[in-house]
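To start, the structure itself, in structure tokens.
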């Protein structure tokens, strides 16, 4: 184990000098013995000097401190010992419940599975959320992105998905909290504990207060644990909140390392870094990883390089819209912007496909008519268009749904709606079977039966 000494400290970037014939490799983990800090080598500058990024706070470091090379990348424990535990980027427990028992540690830097090992699945995962099951269904082993600006409900929607899928799903789940609020991580831990599924979940947190090196690597640590379960021939759920913070940490690290910024100030290696993470989140012939990733959209601009780079890696995209949230319709999913590769008659069946497209057609026509209504009013529309507007407003309200995880805020008990009921209900609304019910009856209900009951009280 070779030793070196710190020669420069610039915030999270630390230069360390080693003997020239003992220069550490890129991605090697170094230990600052006195401070108990781990550094990761990012660049070899020459003459035995390496530029590293700190995995924790660099407060209190000074030049001349001794640094040991571990001769290996950062490694985290994998396997059953990680279940029910909260870990940091280094795989160390941060829940004060004693050490983690493990038989294997894996490097967080792994090559993605080879092309011939990949496996595709068209099995649909039922989420119990009407708008998701109808418009952008999930595939088992697929990748789903939740896109949305600040405060439109990404984390709540993700928590509901975790609640509905992880509780129904008998396999294991891994949750990586990347640069998000510590409070949300805390809430999530107790939510899992109260619902007795904590023993099936591994939690890896690197929250907002951590330095950029930590936030850049914590997604990889979580993914390594998920890969460990996948290689044990299991089906794993992987939740990442938030992918944007991973990109942002990469931007900060890139600037600290002195690289030339590219569009909008992002790192020049944005696509490569995103690819390195996303290509590993995949299903092989041994097991599957189904991932749900929250993606923050800066200033509600979906063309921003970060969300735009993420789009290309996903099978399904759920776009949350501020306009829909302003109407008080939650989950604020935009049914015209959200897409799924699984919405195909060969996968979901002809009836589901035609119903989803009919719903989108009605909503699209309503969107086109809005300008006419704003200028001339409803009276100028033809009878056919009046019917379409009426149905579209009912569909819009029926796409809302009370969530289990939001029960404490709204007082409405959460609802899980089966896919069969969802398709049948929307088909009936589009066909005009419920034209006699007032539109208020469709707001914040689960099944169509509830809407019928609610109409009687209005």
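Yeah, the Cβs are placed from backbone N, Cα and C, and that goes for glycine too.
Quick look at what Swiss-Prot annotates:
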type    : residues                               : note
BINDING : 148, 149, 150, 151, 152, 153, 154, 155 : ATP binding site
Shell of the ATP site beyond 148, 149, 150, 151, 152, 153, 154, 155, same chain only (C-beta within 8 angstroms of their C-beta centre): 296, 320, 325, 332
In the chain carrying residue 151 (ATP binding site), residues 6 or more apart in sequence that have Cβ under 8 angstroms from it: 325
Residue 154 (ATP binding site) - helix vs strand vs coil (DSSP): helix
Neighbour tally for residue 153 (ATP binding site), based on other Cβ positions within 10 Å of its Cβ: 20
Cβ contacts of residue 149 (ATP binding site) (under 8 Å, same chain, 6 or more positions away): 296, 297, 298, 299, 300, 320, 322
Three-state secondary structure, residue 148 (ATP binding site) (per DSSP): strand
